[in-house]
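Chemist: These came from TrEMBL, pasted as-is:
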TRANSMEM  221-244  transmembrane segment
TRANSMEM  264-284  transmembrane segment
TRANSMEM  318-336  transmembrane segment
TRANSMEM  364-385  transmembrane segment
TRANSMEM  391-410  transmembrane segment
TRANSMEM  422-441  transmembrane segment
TRANSMEM  447-469  transmembrane segment
TRANSMEM  489-507  transmembrane segment
TRANSMEM  513-534  transmembrane segment
TRANSMEM  546-566  transmembrane segment
TRANSMEM  597-616  transmembrane segment
Amino acid sequence: CSHVVAREWKVDAVRVYVNSSSENLQYPVLFVVRQQKGVLSWQVPLIFRGLYQRTYNYQEVSRTLCPSEPAPETGPSDQIIFVDVASMAPFNIAYELLVTRLESFQLETNKPFNFTASPSQPQYFLYKFPQDVDSVIIKVVSDAVYPCSVVSVQDIVCPVYDLDHNVEFNGVYQSMTKQAAITVQRKDFPGEQFFVVFVIKPEDYACGGSVPSSIHGKLCWGQILLVCLGYGVAGNLWSLTVFLYLSDLSRKDRRIVSKKYKIYFWNIITIAVFYALPVIQLVITYQTVVNVTGNQDICYYNFLCAHPLGVLSAFNNILSNVGHMLLGFLFLLIVLRRDILHRRAMEMKDVYTLDYGIPKHFGLFYAMGIALMMEGVLSACYHVCPNYSNFQFDTSFMYMIAGLCMLKLYQTRHPDINASAYSAYASFAVVICLAVLGVVFGKNDMWFWVIFSLIHVLASLALSTQIYYMGRFKMGKCHNQTILWDRMVLLIVGNLVNWSFAIFGLVYRPRDFASYILGIFICNLLLYLAFYIIMKIRSSEKLLPIPLFCIVATAVVWAAALYFFFQTLSSWEETPAESREKNRSCILLGFFDDHDVWHFLSAAALFFSFLVLLTLDDDLDTVRRDKIPVF
């Protein structure tokens, strides 16, 4: 019998164990357990089907019977259980039947609980929310990486879905190998209680393992509160002089050039709106599917530090992107202040603003600020449901940030021949298209990597030619000029780096194609920035305190940020179960994990990086442009 009690009493449950020595699949022994509100049945040998129609037979089966719902008005009551045993065998079959009362069926907060389970002997237990607890994290840890298991949280409804073929029909669930974590909130369960179900799969294939797998698995359970750029041709703006100076490349009407660069700002706003809206719609759909189906294998969260809010499963990973938005807005204000001061100086016909210093065009800076804010928005969207299909959302505006930064560096001393907004954004669109193709075909298709690597190498050579001759190169004819060895060194190193990336991709074919492209952009940006600073120092120019501070701050913050970035907490390159082996607990305020800290620090690092570009040439404000070298 099974005692079903009111909330004041401890809930008891009954477990039925059967064993039969018969392996005759033609004449199995059938067991039917009838209770007051349900029927549970199975056969011995119990048969599970795996991949490629493999079958796994089990002679021992044990199931926990669903306890009756408490009746507060009557208190504990006895329940009658009928066990029917039958077989169509024309001969006698020996079997063993054992009915036992579970001494430990109800889980307790902060108290570890050990148990064993196998494919034919699933387990489930009851948890009731204490009065002062609104949410808990169920932590499950296995002694070994395999077997593949499923952890499910189900409402107090009979029957309980505790077999491999039906465990996904109710509640929320996760596959696991070595660990899993599910956050549960009191508001989701009107009865303020739920079942925690543990099912062992007959094969490890679903969790990334080999087949066939071992038959039995032992689990330990514990719970607590738980950027290619195009460059325009300037034309005959200078004679075949030995050295070029900034005055040679800043002869166009200032107002026309300024309007040209403002297009960067307006275009990126348009791009942001049209890109973000369908992304938001898609991730909302992902989250809805997770909430409706209960399948927590869809999204790769750090389940050991996933704090839900409303319909969002991991609000902390979304909230931590607020730094990008706030610092992006702050950068826009800083740029706006500089823009206003520059306009006032122009209105006063200040000689230093007309023929001195780097030409002040702020359109690219505004675009960078918007890009930083949108990175926060799209990163937040990605973290609504992080997985392989939508990781491009988290990286798209990072490509644009890296590309805009390189364009800004080049524009500084080549204002008249820098790329137009249309050609630049078209280049970014091509990159994002390649990223999408990489997501679809980059896993195993060799032809894609051959084509991409060829495009990468040819684009590097074409861009190198354009940069070296600064738009004066024509096929079959090259104007006489002094070879600028410094620029040649940069281009040689840059091509070696890019060819190395192309070879690496062709040989190893990394599955994370979006990060691979991002790595290409970042390495090229860092290489160009280092070249620019070195050439600035070689030209006897100064680094003022503010840009020097920003350079140091950028290096320090990026180093700290990258430390947390490489603390892998999940990986959609693996199965959901294998990914959970990397899950870790919160490290900041009991709410944010390592990846959230990466969000905060990377936002600050990008902000300081932007300030470096904004202030780097402040020392040239009092230097005539015909004295500022071009490199």
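Glycine is no exception: its Cβ is also placed from the backbone N, Cα and C atoms.
Would you situate these features in the structure and describe their surroundings?
Modeler: Residues 363-364, 366-367, 370-371, 374, 377-378, 381-382, 384-385, 390, 393, 396, 400, 404, 421-422, 424-425 of the same chain lie 6 or more positions beyond the ends of the transmembrane segment (264-284) yet place their CB under 8 Å from a CB of it.
If one looks beyond the transmembrane segment (318-336) by at least 6 residues along the same chain, the residues whose Cβ comes under 8 Å of a Cβ in the stretch are 312, 362, 365-366, 368-377, 379-380, 383-384, 592, 595-597, 599-600, 603-604, 606-607, 610-611, 614.
Residues 227, 229, 231, 264, 268, 275, 279, 283, 364-365, 367-368, 371-372, 374-375, 378-379, 381-383, 418-419, 424, 427-428, 431-432, 435-436, 439, 512, 514-515, 517-518, 521-522, 524-525, 528-529, 532, 572, 606, 609-610, 613 of the same chain lie 6+ residues outside the transmembrane segment (391-410) yet bring a C-beta within less than 8 angstroms of a C-beta in it.
Note on the transmembrane segment (422-441): residues 227-230, 232, 263-264, 267-268, 271, 388-389, 391-392, 395-396, 399-400, 403-404, 407, 447-448, 452, 455, 513-514, 516-517 of its chain, located 6 or more positions outside it, place their CB under 8 angstroms from a CB of the stretch.
Distant neighbours of the transmembrane segment (513-534): 227, 391-392, 394-395, 398-399, 402-403, 405-406, 409-410, 412, 431, 434-435, 438-439, 442, 456, 486, 490, 493-494, 497-498, 501, 505, 543, 551, 612, 616, 631; these residues of the same chain sit at least 6 beyond its ends, with a Cβ under 8 Å from one of its Cβ atoms.
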Chemist: Any chance the transmembrane segment (597-616) and the transmembrane segment (364-385) are in contact, meaning at least three CB pairs closer than 8 A with a sequence separation of 6+?
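Modeler: Answer yes: the transmembrane segment (597-616) meets the transmembrane segment (364-385) with 3 or more Cβ pairs below 8 Å.
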